[in-house]
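TrEMBL annotations:
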{"type": "ACT_SITE", "residues": "CYS2", "note": "active site, nucleophile"}
{"type": "ACT_SITE", "residues": "LYS605", "note": "active site, for Fru-6P isomerization activity"}
{"type": "DOMAIN", "residues": "2-219", "note": "domain 'Glutamine amidotransferase type-2'"}
{"type": "DOMAIN", "residues": "287-427", "note": "domain 'SIS'"}
{"type": "DOMAIN", "residues": "459-600", "note": "domain 'SIS'"}
Amino acid sequence: MCGIVGAVAERNVVEILLEGLKRLEYRGYDSAGVALLDKEGNLSRIRKTGKVKNLAEAVESESALGTTGIAHTRWATHGGVTKYNAHPHFSSSRVAVVHNGIIENYVPLRKELTAKGYTFSSDTDTETIGHVVHEMLKKGTSLLEAVQNAVKHFTGAYGTVVIDKESPDKMVVARSGSPLVIGLGLGENFIASDQLALLPVTRRFIFLEEGDVAEVARRKVTIFDKDGEQVEREIIESTVEHDAGDKAGYRHYMLKEIYEQPAVIRNTLQDRIDNIHNADALFGEGASSILKQVKHVQIIACGTSYHAGMTARYWLEEFANVSCSVEIASEFRYRKSAVHENSLLVTISQSGETADTLAALRLAKELGYMSALTVCNVPGSSLVRESDLAFMTLAGAEIGVASTKAFTTQLTAFLMLTLALGKFNGLAEKNEQKIIDAIKTLPSKIEEALSTAEVIEDLAEEFADKHHSLFLGRGAQYPIAMEGALKLKEISYIHAEAYASGELKHGPLALIDEEMPVIVVAPNDELLEKLKSNVEEVRARGGIMYVFADIDAHFESDDTMRVINVPHCEDIIAPIVYTIPLQLLSYYVALIKGTDVDQPRNLAKSVTVE
Ligand code: F1P
């Protein structure tokens, strides 16, 4: 969470910082700020609540200038959304700091620092960083040494950048738990919490590792590892394409990303689906010999990615004959779990930086999983770097906070993992071919599913005044119902719950009335008759239903039920196809409600704090 950008240059860095913040706004957008040092060592600061554009207006009207600068877009953890809690934070008018993460011991630190005469002007944990560094500087050390000493006092997670008025041509940065990447320029250098921020100025990056502290000057970058040893880190040439400014004519990034799904699934499949037996090419070197031995798959993820894992479980157990458990990362990491024999840990994440998922991966390494695979959309992200194997979803940058194309490409990845594991666990060639043929129809089936948009836009009106809703599905469509409910919650702020429809009579039926729309996911599969009985249970209690159904499922619209036809497809790909109309539903309801579709309140795209 929170976006960080910093620069040291000969030129004025203000535009670089603002452009970087705009590109990072998906990480948090409740307030933003910038601190600048000019060549004479004058330190200035501008902070604004609200989006980066508010800050940009203020920066322009004040004609701000600086050759060294740090900037931040905030997702509040400690302290409300006010100008005073916005970063950068100062210690006196000497040290400025931006921070991503949580300093967990900030309460005792605050007490100690107050006793030493420091005054606090915010409610944040971050402000302690500036004061501790300042305290170290008073002992006559360099900024680098001051930060190296200061970090010894912090527990929790931080990606932090510090500048000091007395050393105007450098930044010192430290990483522990929150990602930071150094961007290398010619006679100028940069820092950011995500390479996307720096793509307009460089493509050469150094990804800092856990415990690294680095001094970033105009012409020199010096990195020290967690033991204080000077180290060389690899310089990586980025291949990431990203133009955050481009909505390609769509009103929102989310809509653009929904419509990109046929193309990005095609990308994700290309060169892979016809090469499914070459596990090393798909999942990384050594994958074949690892997958051969897998007896159990443990999937760990959060949010939408967790729903991808829940869906994958149905496929892995049914078609690959491998037992599978799925758990939310924040639960897994804090309980004692038993490790199955020959168990493969699979993390799923669009960002590759989700703090809980990363912590779960690190824990799993200690617990003795045979190997760790990540299904991820961001090359070079922490999860990719720290996993043994990686399957890269090729969804391209996803800017809308509510995940759409990242989710369906994750599901596509799991269909391929199912085939790869199936090969070693008795999946018959004939069935394998049937699955491959079905997977290949995905892009065109999704195109057809997108044609439901007009009908859905029309029925979205009926949701605008509702406060609650219920999503129902069975089998592999149960997690899709969960994902549909999550999308509606995230962007329209309508309370939405999902149930496996067999559970209806165990409680949720009590909620049914005409104010509670019930959304049913109804492909024409072997569970259809069971689902139809559940639909009747809702109808008998006066519920209003919206049924997303295969035409051959023979549902008919009437006073209490509106049927939306979804194109017929093979059962195995139905969870992906039925996701599309549910994404569209949440989008059009949000549009009518006038919410901020791409940046819904209180959320962020990359959840780098636990
Ligand atoms: C997990 C997640 C996303 C969601 C939102 C917040 O992220 O819950 O699914 O859309 O952006 O984070 P990740 O682990 O998949 O990056």
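Keep in mind that glycine also has a Cβ here, set from the backbone N, Cα and C atoms.
In TrEMBL, annotation is done automatically, which means it is predicted and not curated.
As the structure is a computational prediction, the values presented were derived from the model and not from experiment.
Across the domain 'SIS' (459-600), DSSP assigns 69 helix, 30 strand, 43 coil. LYS605 (active site, for Fru-6P isomerization activity) sits 10 Å from CYS2 (active site, nucleophile), taking the Cα positions as reference. Other C-beta atoms found within 10 angstroms of the C-beta of LYS605 (active site, for Fru-6P isomerization activity) number 26, with every protein chain shown included.
Across the domain 'SIS' (287-427), the prediction's mean pLDDT works out to 96. DSSP assignment over the domain 'SIS' (287-427) gives 65 helix, 29 strand, 47 coil.
In three-state terms derived from DSSP, the residue listed as 'active site, for Fru-6P isomerization activity' belongs to neither a helical nor a strand segment and is classed as coil.
Neighbour list (the residue listed as 'active site, nucleophile', Cβ cut-off 8 Å, at least 6 residues apart, same chain): ARG27, GLY28, HIS72, THR73, ARG74, TRP75, HIS87, HIS99, ASN100, GLY101, SER193, ALA604, THR608.
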